[in-house]
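Trainee: Right, I'll just put the structure down here and ask away after.
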Amino acid sequence: MLIGSHVSPQDPLAAAQAEGAEVVQIFLGNPQSWKAPRPREDAAQLKAAALPIYVHAPYLINLASANNKVRIPSRKILQQTCDAAADIGAAAVIVHGGHVADDNDLDEGFQRWRKALDQLQTDVPVYLENTAGGEHAMARHFDTIARLWDVIGDTGIGFCLDTCHAWAAGEQLVHGVDRIKAVTGRIDLVHCNDSRDAAGSGRDRHANLGAGQIDPELLVAAVRAADAPIICETAEEGRKDDIAFLREKLNS
């Protein structure tokens, strides 16, 4: 089971070595911008590296939106991100589920997701990540994810489970792993994060493992059940300890 972290995109290989990471995740551009990722001078080096590199797509992406000024740029930047991810030999691109205006629009949101995936041209796998909060979200509650998966599951899309997000959404972590696997067939990646807030808060505020509200042993049980590569999206100070903690627990 590979264990690593979300690191600065400046030199991910050096960051991985410094943190003892066996796998990393990076942004390829500003996560709060619609601008396409710039070509990387080290693309060939990253592509040749043995280290698996995952790419997190910009937060602005909302493939479910009925608003053309949001949905169309979302499709464009996802395509550009996947193209840039292919250039570095990325293992996958992770994208949030987005949301619609009201619950009456959920089914239309699922169809917009389907259309976006049908139009996407890439050999890089794309993983949907569950989200912490937001009204009328595509991927906050597991029941809604199941409905979305009925529409998009046969496109080859994968799934990334974020423990902080599931906690914030009020989902049970270990039982939730079984529920998600029953829907998607597998979990492809885990974002193992503690939460600064109470269960069901809807707040997406990560904490280093053991420094938040989630029992560390519960996190260990969840990631063990998920049986997928692990990325710690926690504060840089303490992240090396997060990796070491998980490695000790999961290898014991």
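Heads up, the Cβ atoms here are built off N, Cα and C, so glycines get one too.
Values in this document were obtained by computation on a predicted structure and should not be read as measured data.
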Trainee: According to Swiss-Prot, Asp204, His206 bind Zn(2+) 3; so which of His165, His175 is the extra one listed there?
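Mentor: When Swiss-Prot describes the Zn(2+) 3 site, the candidate it includes is His165.
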Trainee: In Swiss-Prot, Glu129, Asp162, His191 are given as binding Zn(2+) 2, so which of Glu233, Glu236, Glu237 is in that site too?
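Mentor: Record source Swiss-Prot; matching candidate: Glu233.
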Trainee: Going by Swiss-Prot, His96, Glu129 bind Zn(2+) 1; tell me which of His56, His141 is listed for that site too.
Mentor: His56
Trainee: Can you name the binding-site residues among His56, His96, Asp204 whose CA is within 10 A of the CA of His191 (Zn(2+) 2 binding site)?
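Mentor: Qualifying among His56, His96, Asp204: none.
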Trainee: Once near-sequence residues are set aside, which residues in the chain of His165 (Zn(2+) 3 binding site), 6 or more away, have Cβ atoms under 8 Å from its Cβ?
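Mentor: Long-range Cβ contacts: Glu129, Asn130, Thr131, Ala132, Arg140, His191, Asp204.
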Trainee: Using DSSP with the three-state reduction, classify Asp204 (Zn(2+) 3 binding site) as helix, strand or coil.
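Mentor: It is coil.
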Trainee: Taking the Cβ of Glu129 (Zn(2+) 1 binding site) as the centre, count every other Cβ atom within 10 Å, in any protein chain shown.
Mentor: 19
